[in-house]
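Q: Once you've had a glance at the structure underneath, I'll fire off some questions.
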Amino acid sequence: MKPRNQTRVSEFILLGLSEEAHMQPLLFGLFLSMYLITFSGNVLIILTIIMASYLHTPMYFFIFSLSFTDICFTSTTVPKMLMNIQMQSKVITYEDCITQLYFFLLFAGLDHFLLTVMAYDRFVAICHPLHYTVIMNPKFCSLLLLASLLLSVLESLLHSLMVLRLSFCTELEISHFFCELNQILKLACSDTYLNDSIMYFVAGLLGIIPFTGILFSYCKIVSSILRISSAEGKSRAFSTCGSHLSVISLFYGTSFGVYLSSAATPNSRASAIASVMYTVVTPMLNPFIYSFRNKDIKQGIRKLFN
């Protein structure tokens, strides 16, 4: 490692998506619009599920939780970016950066686990319909949510504490619009081998295993649907998991795309632009996917406005 001046870090510089002055108003308007759409869309889903009693089922309980998580997920990064553009400042304090990192990892992990739990819910509903209400009882659903939250808290806390042990140099520019873990580790003067090892181990353990569970659930779901004799029954079964499958494809497709592209190219700015897809665009599109493909949600929204 090259010797660099080492000091007690008090703040980082978020370079954002573009350093060109004429792009800042455009970025501000674009991200403000996407944030408002994300916030209002997910709040609408939440209010619809609360107000419509027929939506008080396990599936919509998890959709409610996912919408709330998406609001928190985007709120950890976008408001700070908008404030920096508005104030023409790129500074984020060390404490704020670690806090942002913690909550970003927390809600990203919770998103991940909720999608896994929702896949299990659809598996039980389609493969074991007669036992669905017994298996997916309110107590068990609450335990699944609590377990997802606990795992996410432990994961984000572990990474945040590991970052606290690092010392940083005078080169404190983060080529991103938020405090992303990989970018922070690149700025460290101290050895990051342990951080990298833990990061990849946790990503494998809490990433690959749930994703494998999702694939297993949908393999069983497809197998069960193909055994249904009537075309109407197959269509109804597919429609119950179509929205969730679309959200999974969008979330994992954009996430894997970002990290594969970042591994293939050293361009941090290009990686930051690509990460907009899963940090901002995906939470914005989720409410549209659930409302567009779900008759119960659309009916609930109409009743809500009437």
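Just so it is clear, glycine is given a Cβ too, placed from its N, Cα and C backbone atoms.
Pasting the relevant annotations from TrEMBL:
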type	residues	note
TRANSMEM	26-52	transmembrane segment
DOMAIN	41-290	domain 'G-protein coupled receptors family 1 profile'
TRANSMEM	59-78	transmembrane segment
TRANSMEM	98-120	transmembrane segment
TRANSMEM	140-158	transmembrane segment
TRANSMEM	198-216	transmembrane segment
TRANSMEM	237-260	transmembrane segment
TRANSMEM	272-292	transmembrane segment
Q: Grab the same-chain neighbours of the transmembrane segment (272-292) for me: Cβ-Cβ under 8 Å, and only residues 6 or more beyond its ends, written as numbers and ranges.
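A: The answer is 16-17, 31, 34-35, 37-38, 41-42, 44-45, 63, 66-67, 70-71, 73-74, 77-78, 175-178, 180, 243, 246-247, 250-251, 254-255, 257-258, 261-262, 298, 301.
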Q: Short question: which residues 6 or more past the ends of the transmembrane segment (26-52) have a Cβ under 8 Å from it?
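A: Hits for the transmembrane segment (26-52): 16-18, 60-61, 63-64, 67-68, 70-71, 74-75, 78-79, 81-82, 85-86, 280-281, 283-284, 286-288, 290-291, 296-297, 299-301, 303-304.
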Q: Should anything in the same chain at least six residues away from the transmembrane segment (198-216) have a Cβ under 8 Å from its Cβ atoms, list it; otherwise answer none.
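A: That would be 109, 112-113, 115-116, 119-120, 151, 155, 158-159, 162, 181, 185, 248, 252.
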